[in-house]
């Protein structure tokens, strides 16, 4: 029963769809039901055979679907993100509809399929399931902004899927297979043709959209601003890490022997993503757009682990993914609470937040400083291992550039902190109410960022063992 996590997730999706149609009176209870079910699935995943047995992996359909410690780690990451998303969504008007939660679980299932796929067609199926679910979720508010954001996401997603499929067809045309393991064998034994290199470039471009890597980032600011904020954070965290997981499996195992052909492209993408993401974030006055460009710059840091092309590089991506999840959940959770109270997402609306809600201000402070990589918070540990991995690779200049961009990011993060603690006091100081479910999600996020920043050794050991098992 090593695939029980996926089966339970699919069953939950069906139950939610049926319940939303037949149990109209209990629609508002579905958020609690969904949260509890997702938490139970997370507990089941924590005790799953693949993670407990370290390097042991199992496969279905001739290796098309793989369950190993690598995929299990990311599934747990997605489940945590889904649980926290449900918690912070409970007070939203859009969350009163049962299908809202069915779509979240549907997107979650698509991500699980993506990270466990050992075959390009299976990856595409998971990718489309996730994308279609997000297209509907982004438009869920029903206003003009969310509809526009959904349409943009739909059109650009279709383009990225077409690019991915074209790359897939080129790889298949040369290697006569879509199985990642067989592609790896074909690349090792044969001479790499120009069309294969072109296919690799198209595959990278297809997933660069999902991760919001420059120049495939154009959708992120508008969609982050227009979508319901709880969906924005789920998209920013889970969708990004799902794309990263696929890139890792595809290029670190399937195409590692051809790394000399694609690694320079990844370096270029990382540099322009780091520079543009951080510089364009500086003048932003809308908090969601600022966090969108912050998310774009974070994608550049993630690419450092792929550039390292080593066990430490993979481990650093796993580690940073975990910390990135909680930092974004904390920041966007505060955005939801403040936006609900003020009706705006402007940074100026956070004036004197420390007086209006000390709890929200503290969560935002810790989340932003963690994203900036300030010790002793968890984000510092994640960035430390990312920088260490590329230094071991000999890319000293890239490490210094990344550190410099981190210093720049401190400026625009502290701009928000300054407004919260020292901004011009509004004429009327009104306290901002925070629901129990939102407070629980924010407390979990803040606690994890602090504790794992001070005591990271246990988590570091886990990701190192997962990365070694993945490469073996």
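Cβ coordinates come from backbone N, Cα and C, glycine included.
Taken from Swiss-Prot, the feature transmembrane segment applies to 3-23 (among others).
According to Swiss-Prot, the feature transmembrane segment maps to 69-89 (among others), an assignment based on sequence analysis. Among residues of the same chain six or more beyond the transmembrane segment (69-89), those with a C-beta under 8 A of the stretch's C-beta atoms are 5, 31, 34-35, 38-39, 41-42, 45-46, 48, 50-51, 54-55, 57, 95, 100-101, 104-105, 108, 111-112, 115-116, 228, 230-231, 233-234, 237-238, 241-242, 245, 248-249, 318, 321-322, 325, 329, 332-333, 336, 437-438, 440-442, 444-445, 462-463, 465-467, 469-470.
Among the features that Swiss-Prot reports, transmembrane segment is placed at 120-140 (among others), with the record citing sequence analysis. Within its own chain, the transmembrane segment (120-140) has Cβ neighbours under 8 Å at 64-65, 94, 97, 100, 103-104, 106-107, 109-114, 146-147, 149-151, 153-154, 157, 161, 164-165, 168, 171-172, 178-180, 210, 223, 226-228, 231, 234-235, 239, 242, 246, 250, counting only residues six or more beyond its boundaries.
Taken from Swiss-Prot, the feature transmembrane segment covers 154-174 (among others).
For 197-217 (among others), the entry in Swiss-Prot reads transmembrane segment. Distant neighbours of the transmembrane segment (197-217): 127, 156-157, 159-161, 163-171, 174, 239-240, 242-244, 246-247, 250-251, 255, 258, 261-262, 265-266, 269, 272-273, 276-277, 295-296, 299-300, 302-303; these residues of the same chain sit at least 6 beyond its ends, with a Cβ under 8 Å from one of its Cβ atoms.
Look at Swiss-Prot and you will find 228-248 (among others) tagged as transmembrane segment.
Feature annotation from Swiss-Prot assigns transmembrane segment to 262-282 (among others); the stated evidence is sequence analysis. Packing against the transmembrane segment (262-282) from elsewhere in the chain are residues 197, 200-201, 204, 208, 213-215, 217, 251, 255, 290, 293-301, 303-304, 306-307, 309, 395, 398, 401-402, 405, 408-409, 411-412: each is 6 or more residues past its ends and has a CB under 8 Å from a CB in it.
Annotated transmembrane segment per Swiss-Prot: 295-315 (among others), in sequence order.
Outside the transmembrane segment (317-337) by six or more residues, the chain places 73-74, 77, 80-81, 84-85, 88, 92, 229-230, 232-233, 236-237, 241, 244, 248, 287-288, 291, 295, 298, 301-302, 305-306, 345, 357, 360, 363-364, 366-368, 370-371, 378-379, 381-383, 385-386, 432-434, 438, 441-442, 444-446, 448-449, 452, 456, 459-460, 463, 466-467 with a CB less than 8 A from a CB of the stretch. The feature transmembrane segment is assigned by Swiss-Prot to 317-337 (among others), with sequence analysis given as support.
Through the fold, the transmembrane segment (361-381) approaches residues 294, 298, 319-320, 322-324, 326-331, 333-334, 350, 353-354, 406, 409-410, 413-414, 416-417, 420-421, 442, 445-446, 448-450, 452-454, 456, 460 of its own chain, all at least 6 residues removed from its boundaries and within a Cβ separation under 8 Å. Under the heading transmembrane segment, Swiss-Prot lists 361-381 (among others).
The annotation transmembrane segment is assigned in Swiss-Prot to 394-414 (among others). Panel annotation: around the transmembrane segment (394-414), residues 267, 270-271, 274-275, 278-279, 281-282, 284, 290, 294, 297, 300-301, 304, 307-308, 368-369, 371-374, 383, 386-387 of the same chain, lying at least six beyond its termini, place a Cβ under 8 Å from a Cβ of the stretch.
The transmembrane segment annotation in Swiss-Prot covers 440-460 (among others).
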Tertiary contacts of the transmembrane segment (154-174), as residues 6+ beyond its ends and Cβ separation under 8 Å: 120-121, 124, 127-128, 131, 135, 183, 186, 193, 195-196, 198-210, 216, 218-219
Distant-in-sequence neighbours of the transmembrane segment (3-23), which means Cβ under 8 A and at least six residues beyond its ends: 30, 33-34, 37-38, 40-41, 44-45, 48, 60, 65, 67, 72, 75, 79, 97-99, 101-102, 105-106, 108-109, 112-113, 116
